Amino acid sequence: MASIEQVGAREILDSRGNPTVEVEVLLEDGSFARAAVPSGASTGEHEAVELRDGGARYGGKGVEKAVEAVLGEIAPAIIGIDATEQRTVDQALLDADGTPDKSRLGANALLGASLAVARAAAESSGLELFRYVGGPNAHVLPVPMMNILNGGAHADTGVDVQEFMVAPIGAPSFKESLRWGAEVYHSLKSVLKEKGLSTGLGDEGGFAPDVAGTKEALDLITIAVNKTGLKLGTDVALALDVAATEFYTDGTGYKFEGKNRTAAEMAAFYAELIDAYPLVSIEDPLDEDDWDGWVALTDQIGNKVQLVGDDLFVTNPERLEEGIVKGAANALLVKVNQIGTLTETLDAVDLAHRNGYKTMMSHRSGETEDTTIADLAVAVGSGQIKTGAPARSERVAKYNQLLRIEENLGDAARYAGEVAFPRFAFEA
């Protein structure tokens, strides 16, 4: 019997030295698993709410209340339920919390329990997590969207765009894509050194030089790619996470690169970029509530580049449904802690795919050694994963898990490559 017998929890540290929640689940048949919850730096207003302690301890960021929520309310709510009935488990979690934004018990407490149950159920079933969640047909390895240059809320520099990513779209396998990305990463380090720029790292392992702006950063990455012998646009494409909500203010608009800009002016800037660089994806190009701007932008350049809603959708099926109806964006960023349970995450992905939206599985800037998102990317066939630079162990843990999954799949493994993206902005 795979019913839940015990649930435990503890406070651990994430990659930024801040507390987070780890949950452990033991089943009646002896199967055991644990899951740790990530945390973001740039968070959407519409995300499910993390429960933090406040006060002086850990600067107010302690999670002892969330741990108490797991032990005191979540455990009694799910003990005795069959762990293989994930939707039943997650509904019990939602019922126990009873709030639309999960603010009473905390999305961090709920998610830890939800993911730990799924891991324990996979263990009980004798299956790898990607196979347990994804079924017999899960076999596509995602393109790693490697954040090799950090700005915005992830770095203390003047660069407004939060992430500059390389995507090894032309690689024949995930293993080779990882090598290509790592080689570009090290090439960029040498380019920065040659130019006398900082090689200090941001939260996600990318370099954080203080360069003049977006185009200058893209030019540096272009040089780095060319130095490796890889072809920009065919072997390696570029992608951005603008995180525009971080520099948007009601009344004044977007304060970007020293100027106040309208949504239309931001759109014109992006149109310039996709004409000049091999950009295949732009995440959060506009504010999370600028629906009119998003619709206009999607109409203007959505046939040339992937437009990813992160803060816009917060992995929430209701927000995504609104975007689909309005015609905003053409892809969904998937962050399990934005919504708080595995079932709701899978529902959001299913809704996206059924409506022709691409999906990109994603980490958070405050990560742990937990590798769940690597398995989920393969399970749901996202074809894209964003989990930082090929450096820092909390990032590399996910990439290494994908290497194991590719090896596990053997000849059945397929690397998503360029077909992961709905269209291209650049032809080499």
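For all residues, glycine too, the Cβ spot is worked out from N, Cα and C.
Swiss-Prot annotates Q162, R364, S365, K386 as (2R)-2-phosphoglycerate-binding residues; of K175, K189, K193, K335, the candidate listed for that same site is K335. According to Swiss-Prot, the residue from D219, D299, D310 that belongs to the Mg(2+) site alongside D241, E283 is D310. Proximity to D310 (Mg(2+) binding site), judged by a C-alpha distance within 10 Å, picks out K335 from the binding-site residues K335, S365, K386.
Closest in space to Q162 ((2R)-2-phosphoglycerate binding site), of the recorded positions given as E204, D241, E283, is D241, taking the CA atom of each residue.
The maximum pairwise C-alpha distance among Q162, K335, R364, S365, K386, the residues recorded as binding (2R)-2-phosphoglycerate, is 17 Å. Cα-Cα distance from E283 (Mg(2+) binding site) to K386 ((2R)-2-phosphoglycerate binding site): 11 Å (rounded to the nearest whole number). Looking at Q162, S365, the binding-site residues in this record, the fewest other C-beta atoms within 10 angstroms of the C-beta turn up around S365. Counting in whole angstrom, K335 ((2R)-2-phosphoglycerate binding site) lies 14 from D241 (Mg(2+) binding site) by their C-alpha atoms.
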